[in-house]
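First up is the structure itself, then whatever we jot down about it.
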Amino acid sequence: MTHHHSFVSSVSWAIPYERRGAISYDSENQTALYIRMLDVRVRSQVGFEPEPRGSHPYLYVDFRTLHSRPQSAGPVSARNVRRLLSFQRYLHSSRFIRGIPASNPLGYLLDDDYTGQAKLMLEKVGNWNFDMFLFDRLTNGNSLVNLTFHLFNSYGLIELFQLDMVKLRRFLVMIQEDYRSQNPYHNAVHAADVTQAMYCYLQEPKLAETMTSCDLLLGLLAAATHDLDHPGVNQPFLIKTNHYLAALYKNSSVLENHHWKSAVGLLRESALLSHLPTEDRLNMEERLGSLILATDISRQNNYLSEFRAHLDKRDLCLTNGGHRHFILQIALKCADICNPCRPWKLSKLWSEKVTEEFFHQGDIERKHHLEVTPLCDRQSNSVANIQIGFMTYVVEPLFVEWSRFSDTRLSQTMMGHLSLNKQGWKEGRDKQEASTSRASEEQRTSAAKDSNSKELPQGSKRS
């Protein structure tokens, strides 16, 4: 590209956002707070210790000590707390540029030029059997950045919205970095997987024929950011440990509100949409929030009932903006919980990862003598039981209605995988239970034999 130097010369422009402790704020409007869990301070016996950015060792943190709002650890120079947002920072520190030749890093970042297997995979990004784990390995841990940029580019959104490519890359890198890689499930790979599923749904005829460019942009943005900065524990855990986010959002859609506000914070930090009229930008931020808030699983029945009612009445009209937005919400909900509808190999791996995260939470609860969430208790639960229940009561009801709405080959494929995967978990559970039963029976038989052998000499003496 011939204009590299013009990009390089413009990467150190001033950013109006500053980071102070656990608060991000717009220096021009200090009431616009964006709480960041990444910077939360944890009270220890020797005072407050800031956690390293992007680090959250769950098994070593006493969540009960996270109070409503962290106190300052004392005066800190602005130089140390200011977020360094120049693009040069990302050229040097981001995982995104591992292995990039130092001679021409910017060219690599700006050219939509993928090589080898990763490029071949992106050519089939609309396939339902897309293996995000493999793609993440092929992109050296940068699946979310590469996938989302590719989809923006393929839809022509960069040109349509006149997005600055440097700002877009930086924004996507910041999103990826703000997912916690140590979470077994709620990490950037999950976000990439949900984004790929969202793309598959946006390609379905009913959506492809009606969704506007703004709908497409928001749908992909919401998918990429829907779990941003997820702490790896659920809302009830944050509430019962008096986490300050629970107080901030009044115990209502705590995580989803945080994901949304974090996404807005990064949008503003990156200035990705700063060239748009203020009213349009604020409207997009609100719609983004409405989409992300729809992923709150505790509100599942509300959305499902409304969806079912629309389908029963046959009154969905996708030329209506409100109806299109509602379908985007449902599509994102489907994408978020579609793992059981993937091929068994992928579905099983996702199931194991989410259960591992559940059990981590249960371990923390047990360690700190809190009531252990039933779903998170490794001593009384199993991957199979959790998945069978999840499929039966959460996934299946939603996808049955989605199949009514979009009766396509993809819907048939998803329902087929769902049925086979559910049967697979049932068979695995039955085998495990049978094996456990046999082992118990053998143990009882062995114990009985030992008991009899000890009693025989005593009987012979009496005779």
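Please read every residue number as a count from 1 along the shown chain.
Glycine residues also receive a Cβ, built from the backbone N, Cα and C atoms like all the rest.
Curation does not apply to TrEMBL; its annotations are automatic.
Under the heading active site, proton donor, TrEMBL lists His186.
For His190 (AMP binding site), applying a Cβ distance below 8 Å and a minimum sequence separation of six or more within one chain yields Tyr179, Asp227, Trp350. According to TrEMBL, the feature AMP binding site maps to His186, Asn187, Ala188, Val189, His190, Asp227, Asp336, Gln387.
What TrEMBL lists as Zn(2+) 2 binding site is Asp227.
Marked as compositional bias 'Basic and acidic residues' by TrEMBL: 424-444.
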Cβ neighbours of Asn187 (AMP binding site) where a neighbour is any other Cβ within 10 Å: 21
Going along the chain, which residues six or more apart from Ala188 (AMP binding site) have their CB under 8 A from its CB? Gly141, Ser143, Leu144, Ile175, Gln176, Tyr179, Ser181
